[in-house]
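Pulled from TrEMBL, these are the features on record:
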- 38-59: transmembrane segment (TRANSMEM)
- 50-455: domain 'Ammonium transporter AmtB-like' (DOMAIN)
- 80-100: transmembrane segment (TRANSMEM)
- 106-127: transmembrane segment (TRANSMEM)
- 139-164: transmembrane segment (TRANSMEM)
- 203-221: transmembrane segment (TRANSMEM)
- 241-262: transmembrane segment (TRANSMEM)
- 269-290: transmembrane segment (TRANSMEM)
- 323-343: transmembrane segment (TRANSMEM)
- 364-381: transmembrane segment (TRANSMEM)
- 434-453: transmembrane segment (TRANSMEM)
Amino acid sequence: MSNKNNISRPPKRVEVFTVSEGRTDNREDNMNWASKKFGFTVLTIEIFLIVIYTFFVSYDTEAKPTKENLTSPERNTIQDYYPMFQDVNVMIFIGFGFLMTFMKRYGYSAVGLNLLLAAIAIQWAIVMQGVWNTQDGQIPINIVSLTGGNFASATVLITYGALLGKASPVQLLAVCVIEITVFACNEHLGVHIYQAADIGGSIFLHTFGAYFGLGVAYMLYSKDVEDNIKEGSNYHSDLFAMIGTVFLWMFWPSFNSALAVGEEQHRSVINTFVALLACCVVTFAVSSLADKNGRLNMVHVQNATLAGGVAIGSTANMMVHPFGAMMVGALAGIMSTFGYLLLTPYLVKRFHLHDTCGVNNLHGMPGILAGIVSAIVASMADETSYGYSLYRLYPGRAPSSNSTEFHRIALVTAQLEPGSGWSATGQAYAQLEALLTTLAVALLSGITTGYIIRMPIFDPPKKDQLFDDVDYWEVPEEDI
């Protein structure tokens, strides 16, 4: 009997081992699939974009061979826009990336995912912005559309700042695709329907990106993000972040003037630079005064010194005068610094709204300030100050095509396009309508997006994955 029992045991053991082994293989397969999900998702997105570009995107006239080019090589617009285009590239890929390296354990993701998200966002934005301007069923691509794509990608990077360390790479990919889609629609509504002026994108770009990001952050909130030790910085990580600050600060005049021309571009550079100068000085002063020992806070210096570039963005090409630009920049610096001191901790405590980089202080509130300033400036704009360039700056104020005024002005300038014949007050209302609509669209779409990406399929990070590169990057062991 005992021998029979002994003989019968091995098959049972083998059977149990085989089943267990099969289950282990299945678990390993599932884990392998989960670990490869990010790579497959990125590849799928790029294949989709290549297919779209294959059938629906083509060179614009000036990028085609000379026999099809209506302009001479000497007058190609690439010469006007390329220097500013490259400056904007520096801001997008170096400035924004390094600004977010302040967290001691999340530097790889700050710079690396910044690069990836921008690359995807630009490609998708060229398509989404181009669908409103198709030619023979094709989306034309040129240096202006590339620059516009760069601008659009900034919205995603601003949103990334609000979510930094709290969203998985797969979640961020979903945010990127959804946000660019909504952004392009809102921008078209504001620029072409409301006919609002926003040369530096402070309303449609900074405000939208900030409050879209806050909407997502609100939905992703968990108690694990509060007082998380990994969220902190150290001496060297803050130094790296200052590299981003300096690059952004240097090139912001190019950002606000990239799509302007002639004297408008000249004014944009002047107004933006003096606004940044005033903002920088005031930020240092307020940061020191707010500390009981008179010390400077690196968070303020890294971020609030840039707020002047946002606040002057919507009116950078307008006749705000240098002293006006300085006042706007100084006010933005004060607003942003106190935002970091008081508002950011209040939002976490009262509303459970955790804003990692404080994008509300750098982009959100200064963007709202820019919209309000744009309405004030629009209400005072007239032909005495601007001449007939008034109707290029504010297309909605141009006389309608069947009016006597239109034909009178058309005799003087051939560049006049018919408009809606708005008054200065009407244009001011248009600026405010664009601002309020952008705020509403950004918050609602951000909250909706946050609700969607909380689903398990998007791999929400676990507690030990928050603010940490180690699960997403190969990190040297001595640095873990």
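From the backbone N, Cα and C atoms, a Cβ is placed for every residue, glycine too.
All annotation found in TrEMBL is predicted automatically rather than curated by experts.
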If you average the pLDDT over the domain 'Ammonium transporter AmtB-like' (50-455), what number do you get? 95
At a C-beta cut-off of under 8 Å, are there same-chain residues at least 6 beyond the transmembrane segment (364-381) that contact it? List them, or none. 196-198, 200, 202-203, 206-207, 210-211, 214, 307-308, 310-315, 318-320, 328, 331-332, 335-336, 339, 390, 393-394, 397, 424-425, 427-432, 434-435, 438-439
Below 8 Å between Cβ atoms, which of the listed ranges 80-100, 106-127, 241-262, 269-290 makes the most pairs with the transmembrane segment (38-59)? 106-127
